[in-house]
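A short worksheet on the structure shown next.
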Amino acid sequence: MDLYENQRSTSKIKRDASVNDRIPDGLFLACPYCGTQMYNKQLGDYRVCAKCGYGFRLQARERVALLTDNFEEMDADIEMTTPDFPGYAEKLARAKSQTDLGESVLTGVANIEGEQVALGVMDSYFMMGSLGSMTGEKITRLFEYATAHQLPVVLFTASGGARMQEGINSLMQMAKVSAAVAAHQEAGLLYLVVLTDPTTGGVTASFAMQGDVTLAEPHALVGFAGARVIESTIHEKLPKDFQRVETLLENGFVDKIVPRAELGQIIAKIVKLHHRTEI
Amino acid sequence: MAVNIGLNLFRHELTPAEVVKKSREDRFFAREIIDGIFTDFIEFHGDRQSGDDMSVIGGIAALNGKPVTIIAIDKGIDINDKLSKRNGSPEPWGYRKAQRLMQQANKFHRPIVTFINTPGAFPGKTAEAQGQGEAIAKSILESMKLTVPMIAIIYGEGGSGGALALATSDQVWMFQNATYSILSPEGFASILWKDSKRSDEAAGVMGLTPKDLLNKNVIEYIIPESRNHPRVFNLIRKRLDDEFTRLNELTPDELIAQRRARFRAF
């Protein structure tokens, strides 16, 4: 039987069942756009896919830290005080603790490569960047401040659309912000939009599409209706990249697609070229 | 004093779900409303850019002899009409036609009346490629700058951004059995509760009936409905004339300030 004993001897290397627990989460990531697997550190400070240039979704505060030399937040204390829809208060509380924000947008006065701008950055980690009445309030105040102080507005959009829990009030924000955009526009001031992943629904159908200049990050998803809604309405499959900004550029709805690392420079350049000078 | 028998068969107030159902029925048609309220309606077509969307009917007419611009979303009368109008879901070029007519009204100092009955802007492939979002965004932005009075009347469904695009006006009125909401109760239930069958329940919590919206100052007036349509139209004609007369007394700056303040309040 010795002959067989040998064969039955087990390998000295044992499977370590706890190994998965000891590898930190998020060490390896797949690019949501091209699917390439990569080591977290490969993304670099700008959190950009090394292969396709897709910019991973940033929290508003991360974005501001990357983009600005100086940032003075405004209206930090504005937040929804009457979340009376069932479950809404809990969702808000979770979003606030995850993002260190009171609402789905961060606003303030920023210095970008030497240019002073009124800056708004929406945060898709805060209830999917949905348009709550206090989101609308902060953006409206940003425009009002910019109009009063003769500043350009730079707004980074990221939103899944309306804030369902707020119902019709969410819809009214589209009009409220638009009214402030109109006044800013009439003052002859620059409104620069940067479309980031994802920008959809009510935000696309209002202030995301009202800029004088519209920039976008590579491969960002931008659209009005959701792809699934469209497919179930027209009973056909949508082509790949249908709602990516490269398609929007082709269709004439975007001025320029800018890699994340170059955004600061390009924004500053555009703002500078809008300084009023006597010719 | 009436005896409460638990069910009042004669003056039964509709539940929100029943209002939703009613708002989707073929109660009124855009052409019928236009012809019932105004005289000399002449329809104008096209956005001058890419086409003519049949779901948006626009043109000029006379309101008690005074010129007005009319823009109406229509669901269609028979099946072919409904198909060509996608049951009242405008394409981007429908909104751009509306913008053109608004600009035209502005140039000739004509008040604008819009009539709205839409489940929402059309979620289609071409619509998306031609910038449905941009079309709505621009309609909203441009109507914020109009120096002529504008009144919007929702006579059926007021579906989301597709309705708002024609309702950023000085006043919004609703027919008694109309709705105005962020999205359909079915969509609401499926997004929040992952179950579109709970739409009746959703209708209850969404606050989409004229009464709810009047309480929230989203609208200014509820138009009582009657099977006697001419009676409804006479009432609207009189009220439109009164309100336009009143709004016309404001300077353009006052009018714009008031319209923007109306939405600033939300």
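Cβ coordinates come from backbone N, Cα and C, glycine included.
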Segment assigned the feature zinc finger in Swiss-Prot (from A:31-52, A:141-162, A:207-228, A:251-272): A:31-52
If I restrict to non-local contacts, at least six residues apart, and a C-beta distance under 8 angstroms, what lies near A:C52 (Zn(2+) binding site) in its own chain? A:C31, A:Y33, A:C34, A:T36, A:P218, A:H219
Which site among A:C31, A:C49 has the most other CB atoms no more than 10 Å from its CB, taking these as binding-site residues? A:C49
Sorted by sequence, non-A:C31, A:C34, A:C49, A:C52 residues with Cβ within 8 Å of centre, Zn(2+): A:P32, A:Y33, A:G35, A:T36, A:A50, A:K51, A:G53, A:Y54, A:H219
